[in-house]
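Enquirer: For reference, Swiss-Prot lists these features for the protein:
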type     : residues      : note
SIGNAL   : 1-22          : signal peptide
DOMAIN   : 24-72         : domain 'TSP type-1 0'
DISULFID : CYS53-CYS71   : disulfide bond
DISULFID : CYS85-CYS123  : disulfide bond
DISULFID : CYS100-CYS107 : disulfide bond
DISULFID : CYS128-CYS166 : disulfide bond
DOMAIN   : 132-187       : domain 'TSP type-1 2'
DISULFID : CYS144-CYS180 : disulfide bond
CARBOHYD : THR147        : O-linked glycosylation site
DISULFID : CYS148-CYS186 : disulfide bond
DISULFID : CYS201-CYS244 : disulfide bond
CARBOHYD : SER204        : O-linked glycosylation site
DISULFID : CYS205-CYS250 : disulfide bond
DOMAIN   : 253-309       : domain 'TSP type-1 4'
CARBOHYD : THR268        : O-linked glycosylation site
DISULFID : CYS323-CYS365 : disulfide bond
DISULFID : CYS345-CYS355 : disulfide bond
DISULFID : CYS390-CYS456 : disulfide bond
DISULFID : CYS402-CYS434 : disulfide bond
CARBOHYD : ASN423        : N-linked glycosylation site
Amino acid sequence: MPAEMQAPQWLLLLLVILPATGSDPVLCFTQYEESSGRCKGLLGRDIRVEDCCLNAAYAFQEHDGGLCQACRSPQWSAWSLWGPCSVTCSEGSQLRHRRCVGRGGQCSENVAPGTLEWQLQACEDQPCCPEMGGWSEWGPWGPCSVTCSKGTQIRQRVCDNPAPKCGGHCPGEAQQSQACDTQKTCPTHGAWASWGPWSPCSGSCLGGAQEPKETRSRSCSAPAPSHQPPGKPCSGPAYEHKACSGLPPCPVAGGWGPWSPLSPCSVTCGLGQTLEQRTCDHPAPRHGGPFCAGDATRNQMCNKAVPCPVNGEWEAWGKWSDCSRLRMSINCEGTPGQQSRSRSCGGRKFNGKPCAGKLQDIRHCYNIHNCIMKGSWSQWSTWSLCTPPCSPNATRVRQRLCTPLLPKYPPTVSMVEGQGEKNVTFWGTPRPLCEALQGQKLVVEEKRSCLHVPVCKDPEEKKP
């Protein structure tokens with residue numbers, strides 16, 4: 001199908017090219033997390049970018065809290081989740097983005113590392129907007145909340161005059177309260193005063209005939225229960241006992257032993273770490289004494305000064321060659337031919353593994369390029385993304401296309417005896433003929449404005 005007959009599927013905008021990283025010291029990390037774009041596993045500070053990126057799997061930051069940058073060749077990150085809809089009801093728009101991440105090159109379409117790319121689409125969280133309701137008249141006052149002294153009573157109203165719609169509500173309170181007086185005196189119930197101080201321990205060590213303990217008491221006087229009308233006495237014990245603490249044997253704090261020799265470097269290329277260990281046994285803690293303060297291990301950075309291998313990766317397949325057959329014209333004839341495409345293995349360095357798989361791909365085909373065929377109008381396509389994505393005047397389109405009715409050629413062919421049936425595909429752009437629709441013969445297009453377009457903001461920018 002010609003490019004001018006297709007509805008746009010992705011609408012892109014490139015923004016914010018980050019400053020190039022020089023040779024100033026950076027923070028070096030052992031992992032670049034693709035899903036979040038964050039650096040993981042801090043290896044060391046004040047490292048040169050060239051040393052950190054001896055391993056293409058590492059990543060770096062120019063300063064604490066800065067943008068994490070991968071050492072590998074530039075690639076597009078995964079698309080972020082769609083942002084919130086610009087309105088909470090009716091139709092609006094939402095954005096998502098991705099970033100060109102890496103160093104030493106460019107992403108597809110000659111895009112520099114650090115560049116943001118945006119997409120905008122229409123959205124609708126809720127098909128209707130809330131409508132406020134109205135209150136009914138207040139109901140009668142309810143009974144007093146207490147049977148003696150003063151309390152409160154309430155009355156209520158209902159949000160149904162009219163009832164709210166589509167998630168709306170009535171402004172104000174559904175309930176009112178006011179003071180009420182029963183004209184009756186309430187009894188005073190007893191309450192405990194605060195506990196007194198603990199008495200001295202009844203013993204000086206553990207293991208005697210009786211368990212050493214401390215005792216404290218309290219009185220029912222805060223307040224005391226009334227006599228007329230009678231109040232309830234305090235519930236619970238007036239005395240409390242507990243076992244004495246801090247008696248011998250005394251605790252012994254732990255102490256560190258000497259550091260072990262350095263372990264070998266953890267890697268054979270690039271930057272790694274060595275490890276030292278020590279044990280809390282000079283002396284070991286006893287009788288509840290505290291464990292040794294500090295770390296039982298410590299790391300030091302080591303540099304093998306050897307680049308790490310980088311395995312090759314297949315580049316995208318090239319275009320299919322023309323569908324042809326040796327010494328025979330097969331255009332519009334229904335005779336099968338062959339076509340091929342190839343790809344290259346790039347990025348392999350420092351004795352990395354070559355790409356696995358085929359360098360060339362061959363398939364069987366029918367050549368229908370520029371063949372005149374009967375056509376039919378397709379259904380409306382889905383709405384495209386909004387373009388431009390960061391403009392308040394963004395629009396979206398959908399299309400109906402004159403699509404060819406492909407001939408019913410055999411779907412498989414046996415070109416070489418003993419090799420079985422092979423699938424055959426159609427190749428080329430035919431010339432479909434349809435009855436005119438809205439004055440058009442090939443494409444009918446409908447355009448619509450995108451509503452409530454949000455502002456494009458770099459998600460890495462710090463909020464004030």
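The backbone N, Cα and C atoms fix where each Cβ goes, glycine too.
Any idea what these are sitting next to in the structure?
Expert: The DSSP secondary structure for CYS71 (disulfide bond) is coil.
Summarising the environment of CYS123 (disulfide bond), the number of other Cβ atoms within 10 Å of its Cβ, over all protein chains shown, is 19.
Contacts of CYS100 (disulfide bond) defined by a Cβ separation under 8 A and a same-chain sequence distance of 6+ are given as PRO74, GLN75, TRP76, SER77, GLN106, CYS107, VAL111, ALA112, PRO113, GLY114, THR115, GLU117, in order along the sequence.
Proximity of CYS128 (disulfide bond) to non-local residues of its own chain (separation of 6 or more, Cβ distance below 8 Å) is seen for CYS89, SER90, LYS165, CYS166, given in sequence order.
According to DSSP, CYS180 (disulfide bond) is assigned to a strand segment. Listed in sequence order, CYS144, SER145, LYS150, GLY151, THR152, GLN153 are the same-chain residues at least 6 apart in sequence whose CB falls under 8 Å from the CB of CYS180 (disulfide bond).
Its Cβ taken as reference, THR147 (O-linked glycosylation site) is surrounded by 10 other Cβ atoms within 10 Å in the chains shown.
In sequence order, VAL146, CYS148, SER149, PRO229 are the residues of the chain that are 6 or more apart from CYS186 (disulfide bond) and have a CB within less than 8 Å of its CB.
Under 8 Å, Cβ to Cβ, and six or more positions away along its own chain, CYS201 (disulfide bond) finds PRO212, LYS213, GLU214, CYS244, LEU247.
Classification of SER204 (O-linked glycosylation site) by DSSP places it in coil, neither helical nor stranded.
Shown in sequence order, PRO212, LEU247, PRO248 are the residues of the chain, 6+ apart in sequence, with a C-beta less than 8 angstroms from the C-beta of CYS205 (disulfide bond).
Summarised by DSSP class, the composition of the domain 'TSP type-1 4' (253-309) is 0 helix, 15 strand, 42 coil.
Counting only residues at least six positions away in the same chain, the Cβ atoms of LYS304, VAL306 sit under 8 Å from the Cβ of THR268 (O-linked glycosylation site).
Taking all protein chains in view, 23 other C-beta atoms sit within 10 angstroms of the C-beta of CYS323 (disulfide bond).
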Enquirer: Where the distance is taken from Cα to Cα, which of the recorded positions CYS53, CYS365, CYS402, ASN423 turns out closest to SER204 (O-linked glycosylation site)?
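Expert: When the Cα distances are compared, CYS53 comes out closest.
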Enquirer: Out of CYS53, THR147, CYS323, CYS402, CYS434, point to the one nearest CYS390 (disulfide bond) in space (Cα versus Cα); all of them are recorded positions in the record.
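Expert: Nearest listed residue in space: CYS402.
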Enquirer: Hey, how far is CYS434 (disulfide bond) from CYS345 (disulfide bond), Cα to Cα, in Å?
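Expert: Cα-Cα distance, CYS434 (disulfide bond) to CYS345 (disulfide bond): 44 Å.
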